[in-house]
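Per TrEMBL, the feature pyridoxal 5'-phosphate binding site maps to GLY104, ALA105, PHE136, ASP221, GLU222, VAL223, GLN224, THR278. According to TrEMBL, the N(2)-acetyl-L-ornithine binding site annotation covers ARG139. Annotated N6-(pyridoxal phosphate)lysine per TrEMBL: LYS250, in sequence order.
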Amino acid sequence: MNHPSALPSAASLMPIAARPDVLFVRGQGAWLFDAAGRRYLDWMQGWAVNCLGHSPQVIVDAVAQQAATLLNPGPAFHNLPAMRLAEKLTAHSGFDHVFFASSGAEANEGAIKLARKWGQLHKGGAHEIVTFVDGFHGRTLATMSASGKPGWDTLFAPQVAGFPKARLNDIATVDRLIGPKTVAVMLEPIQGEAGVIPASGDFLRQLRQLCDERQLLLIVDEVQTGVGRTGHLFAHSAHGIQPDIMTLGKGLGGGLPISALLATRAASCFAPGDQGGTYCGNPLVCAAGLAVLDTLLADGFLAASRQRGEQLAAALRALSSELGLGAVRGEGFLLALELGTDLGPAIATRARDLGLLVNAPRPHCLRLMPALNTSAAEITEGIALLRRAIADVQEAQA
Ligand SMILES: *Cc1c(COP(=O)(O)O)cnc(C)c1O
């Protein structure tokens, strides 16, 4: 059964991504194991999803217990894990209400709908949401339109209207786009897919002030930056601002599909029937979310993770000066190494051959998203593999 010749073919899957010829069959903590038994240190972790690493015991236990207790009463009824998770999220944030969904895009769709509803109720039908060049908010039609990814304005045209684009860290470009139809500003505190480009604290505070002055909602997409990824429970908290709406995804389920839309009482204006979904607040995924939050909120967890993140950033800076590369960006365990050349994909491929998984979100940089509980020894091991991968590719180019 487990013999490689018995492996199925991928020919029946839609070819939506160029996937390498490696098949992972098992994961444990920071490590993935392929069908041939090789191990890989995973610094992608399902695109910043597996915040506690692969198959962590707390999630395995929580999901097994919930699966045996109650899988799905359906969205027409309350369930204990959803109520507990919503209480925990509101208790540890400045938001009052939560709507659960399954993906980041779905949570962002909800945020867009909530802002448009709020505009109908409080701003004479204002519905435009200022978003940002190079931003990323998901792959539904509206969230693709809100994204500023090059090429996405024509792929699947026509776009959903109402998402004018400003430039990150340039408040004048936001101000210029605000008119009577504007209802909100939406951004990632750190643009992840763009290559880990942080919004500055000053810019976030200027945005908060601008939104207050012009009666606009401030929406933060923390699908990638939230749930401990930056060393804080939420990235915006480190900058002392309170947004009106926040979305979470990725790390929230630690590998299971759950996302969340959070709003302050003043912004939370859905009436019964306005929003929903078959899997919203499903108890199985909410049980996973509870296991994740309980772990992150335990004494010392985030502080330790922040320290490890600083260790990785320092090691990357040392590597950069040794090998003549560029800047290190990001916070916590959402880091990017600027390469100064377009060797990112080649380095990622070489690193994988050596047993390290890293991602090149843009050809000129590498993104590193290890599990939040990665050990100091694993960081040392990963940096050694990364040094070799970069040096090998540089040598092949020379
Ligand atoms: C990944 C991501 C999304 C989309 O989440 P999906 O679960 O893939 O729909 C949205 N916003 C940001 C910032 C993301 O990083």
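Positions of Cβ are set from backbone N, Cα and C atoms, glycine also.
Positions of TrEMBL features highlighted on the structure.
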{"residue": "GLY104", "record": "pyridoxal 5'-phosphate binding site", "Cβ neighbours (10 Å)": "27"}
{"residue": "ALA105", "record": "pyridoxal 5'-phosphate binding site", "Cβ neighbours (10 Å)": "23"}
{"residue": "PHE136", "record": "pyridoxal 5'-phosphate binding site", "Cβ neighbours (10 Å)": "25"}
{"residue": "ARG139", "record": "N(2)-acetyl-L-ornithine binding site", "Cβ neighbours (10 Å)": "13"}
{"residue": "ASP221", "record": "pyridoxal 5'-phosphate binding site", "Cβ neighbours (10 Å)": "31"}
{"residue": "GLU222", "record": "pyridoxal 5'-phosphate binding site", "Cβ neighbours (10 Å)": "31"}
{"residue": "VAL223", "record": "pyridoxal 5'-phosphate binding site", "Cβ neighbours (10 Å)": "29"}
{"residue": "GLN224", "record": "pyridoxal 5'-phosphate binding site", "Cβ neighbours (10 Å)": "27"}
{"residue": "LYS250", "record": "N6-(pyridoxal phosphate)lysine", "Cβ neighbours (10 Å)": "28"}
{"residue": "THR278", "record": "pyridoxal 5'-phosphate binding site", "Cβ neighbours (10 Å)": "9"}
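With GLY104, ALA105, PHE136, ASP221, GLU222, VAL223, GLN224, THR278 listed as the residues that bind pyridoxal 5'-phosphate, the site has a largest C-alpha separation of 25 Å. ASP221 (pyridoxal 5'-phosphate binding site) falls within a strand segment according to DSSP. Checking each of the binding-site residues (GLY104, ARG139, GLU222, VAL223, THR278) against LYS250 (N6-(pyridoxal phosphate)lysine), the C-alpha distance stays within 10 Å for GLY104, GLU222, VAL223. Under the DSSP three-state reduction, the residue listed as 'N6-(pyridoxal phosphate)lysine' is assigned to helix. A straight line from the CA of THR278 (pyridoxal 5'-phosphate binding site) to the CA of the residue listed as 'N(2)-acetyl-L-ornithine binding site' spans 19 Å. The two recorded residues, ALA105 (pyridoxal 5'-phosphate binding site) and ARG139 (N(2)-acetyl-L-ornithine binding site), show a Cα separation of 6 Å. Ranking the binding-site residues GLY104, ASP221, GLN224 by the distance of their Cα atoms from the Cα of the residue listed as 'N(2)-acetyl-L-ornithine binding site' places GLY104 first.
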